[in-house]
Amino acid sequence: MAQHGAAAAAAPRSRGLKFCPESNDLLYPRENRNTRRLEFFCKNCSHVEEAEPDDYCVHVARIKHDSKEQTVILQDVRADPTLPRTKDVECPDCHHREAVFFSQSSETGMVLYFNCCACGHRWREDV
């Protein structure tokens, strides 16, 4: 079924592989250093063709994140020896002075996440 209108214009176009019209071998991309343009060439004959603008893009990765995406904190991060620890903070619940921490940048700055090594209480501080 054919796509019509805006849906057809928004659909990504795949160019696929290019083949030599003379030898039917695969064409390989390279830069023409004199013209600073992309071209395709055949390794088995002297055929060369200039790339079309649609050939410039090799791959498109569209990544969509929810702006309100929440960070999931695992239950036992305080037992993870690979995470950094600090003794410069005090747990708001038990007043213990050691916590595992990690950071994340946010729209408003940096956020530090803490997990108390004694009671497991979790809290965050905006930096």
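The count begins at 1 with the first shown residue.
Cβ atoms here come from the backbone N, Cα and C positions, even for glycine.
Given the structure is predicted, the values throughout are model-derived calculations rather than measurements.
Positions annotated as Zn(2+) 1 binding site by TrEMBL: Cys20, Cys42, Cys45. For Cys91, Cys94, Cys116, Cys119, the entry in TrEMBL reads Zn(2+) 2 binding site. Residues or ranges marked as domain 'TFIIS-type' in TrEMBL: 87-124.
Within its own chain, Cys119 (Zn(2+) 2 binding site) has Cys91, Asp93, Cys94, His96 as residues 6 or more apart in sequence whose C-beta sits under 8 angstroms from its own. Around the Cβ of Cys42 (Zn(2+) 1 binding site), a 10 Å sphere holds 20 further Cβ atoms from the protein chains shown. In this view, Cys45 (Zn(2+) 1 binding site) is surrounded by 12 other Cβ atoms within 10 Å of its Cβ, with every protein chain counted. Around Cys20 (Zn(2+) 1 binding site), the C-beta neighbours below 8 angstroms that are at least 6 residues distant in the chain are Leu26, Leu27, Cys42, Asn44, Cys45, His47. Candidate binding-site residues: Cys91, Cys94, Cys116. Fewest other C-beta atoms within 10 angstroms, Cys94. Cβ atoms within 8 Å of the centroid of the Cβ atoms of Cys20, Cys42, Cys45 (the Zn(2+) 1 site) belong to the same-chain residues Pro21, Glu22, Ser23, Asp25, Leu27, Phe41, Lys43, Asn44, Ser46, His47, site residues excluded. Compute the center of the Cβ atoms of Cys91, Cys94, Cys116, Cys119, which mark the site for Zn(2+) 2; besides them, the chain residues with Cβ within 8 Å of that center are Pro92, Asp93, His95, His96, Ala99, Cys117, Ala118, Gly120, His121. Secondary structure from DSSP puts Cys45 (Zn(2+) 1 binding site) in coil.
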